[in-house]
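*Asks:* Right, I'll just put the structure down here and ask away after.
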């Protein structure tokens, strides 16, 4: 199963594709960062991101896309750029009929390192370990995109089963929650 | 000149097309609201918005698109939905090569009513007046989309001239600011 992880941002948007599945060594397929110039207007930047994400989707044909869920942060300005870039990635995947999963930063950290409060060094270390890399992934700021993809590989199947169970229960007129 | 105004939102996204220009009565072409079900996941909602906005763009072929600039607000949750929906509208226009202008709510209010702190009633009243409507536009929550389009009609040409002057000055090695 191929998963594209997206760490959204207007200035830097991290992208990472990993391959894995039950009983299979998880491997790195491609990692990179899309950048858009801060001097450009928002429309030009979002459109450049859309084309960049589209190229990755069409090159790799992932089975699913995992995007960081934007969460309440101190800096509203940053949140907005992240939310806008994330929306472009989400809609690019949805338009191609691909399932999209959203994970908060702490869900991702907990999934790859066991702690929702792991720092960047810890996350990068664990991403390298889980992917069997001898050196940390380059560029460094794309490690989060790989962590998102790894998080989906480990959590996605369970979440999909839960969703299917909830839908079946709802269809049967009962509720699991 | 046809302008599409977009008041972005995941639950309700207001759209309004107005026609106008120098020495010409400004008129309402179409106004409406796109809604997406809160029970759907974000990917499905953003994709539904993209298709809806795309239909409006392809039906009206506006000369420009004016979108609300999301600004710091108290509720980060609301801001994020607005930023995501706005990003979808912006990128839909940019992909079609249309110029996109962003205006803050107070710029819009000041442009149509003379006060950046005008309330909803005042804005709706002035939108009706400027468009020569005998009744307020329906649906009511799309009045903001019309106000955005009207704001662009009155401010867009001046902003375009300023931008051209700045670019010319920059090209000449000088700076206006």
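Even glycines carry a Cβ here, placed using N, Cα and C.
For B:7, B:68, B:141, the entry in TrEMBL reads active site. Annotation source TrEMBL lists Mg(2+) 1 binding site at B:7, B:141. The Mg(2+) 2 binding site annotation in TrEMBL covers B:68.
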*Asks:* If you count CB neighbours within 10 Å, which one among the active-site residues B:7, B:68, B:141 has the smallest count?
*Replies:* B:141
*Asks:* Rounded to a whole angstrom, what is the C-alpha distance between residue B:7 (active site) and residue B:68 (active site)?
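*Replies:* One finds 6 Å between the Cα atoms of these residues.
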